[in-house]
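A.B. asks: Pasting a structure here, questions to come.
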Amino acid sequence: MAIILGIDPGSRLTGYGVVAHQGSKFTYLGSGCIKLADHEFHIRLKMIYQGITQLIEQFSPETFAIEKVFMAHNPDSALKLGQARGAAIVGAAMADLPVFEYSARQIKQAVVGNGGADKTQVQHMVKNILKLPGTPQADAADALAIAICHAHSEQNLIKLAGSASKTVRGRLRK
């Protein structure tokens, strides 16, 4: 079973979700949030890095998946989100994990089947896919959704590669 660490980055709260998958079967391993709210920004970045490092040591994931930056209404918010992502990605890079990035639309499409789904729909589907007894907190659910999205992306690439008989100009052809 492949273990995936999914991260929903944030400068005040960073969600994480860990799942194992084999084929279409998922196993929930853990989720939660790295709480950062009451610290100076540079300390929060350090806490993200340290939190990611601890999660990698605890769960030994084989891959790391993270949400891409979206353009917020406030440019300062987008910059802080980018820095939070950077701190998380460095944690993965220091552990030599491959890093995969997905947009919010890709994640929602993979988990809910609708790229415009809202947070409650994502939480509901994550709960159902992973057969959780309760609804996960929003940031943890988003991180689990990122991990599920990555698993689906891997499965689709494997199917595509298996169905291709040759390549033409670098593209797979049947």
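Glycine is treated like the rest: Cβ placed from N, Cα and C.
This is the feature table in Swiss-Prot:
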type	residues	note
ACT_SITE	Asp8	active site
BINDING	Asp8, Asp139	Mg(2+) 1 binding site
ACT_SITE	Glu67	active site
BINDING	Glu67	Mg(2+) 2 binding site
ACT_SITE	Asp139	active site
A.B. asks: What Cα-Cα separation, expressed in whole Å, is found between Asp8 (active site) and Glu67 (active site)?
C.D. replies: 6
A.B. asks: Counting every protein chain present, what is the number of Cβ atoms, excluding its own, within 10 Å of the Cβ of Asp8 (active site)?
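C.D. replies: 25, counting other Cβ atoms within 10 Å of Asp8 (active site).
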A.B. asks: I'm trying to understand the geometry here, so how far is the Cα atom of Glu67 (active site) from the Cα atom of Asp139 (Mg(2+) 1 binding site), in Å to the nearest whole number?
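C.D. replies: Each residue's Cα considered, Glu67 (active site) and Asp139 (Mg(2+) 1 binding site) end up 12 Å apart.
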A.B. asks: So how many other Cβ atoms are close to Asp139 (Mg(2+) 1 binding site), meaning within 10 Å of its Cβ?
C.D. replies: 24
A.B. asks: Taking 10 A as the limit, how many CB atoms besides its own sit near the CB of Glu67 (active site)?
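C.D. replies: There are 25 of them.
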A.B. asks: On the three-state reduction of DSSP, what should I expect for Asp8 (active site)?
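C.D. replies: Strand, per DSSP.
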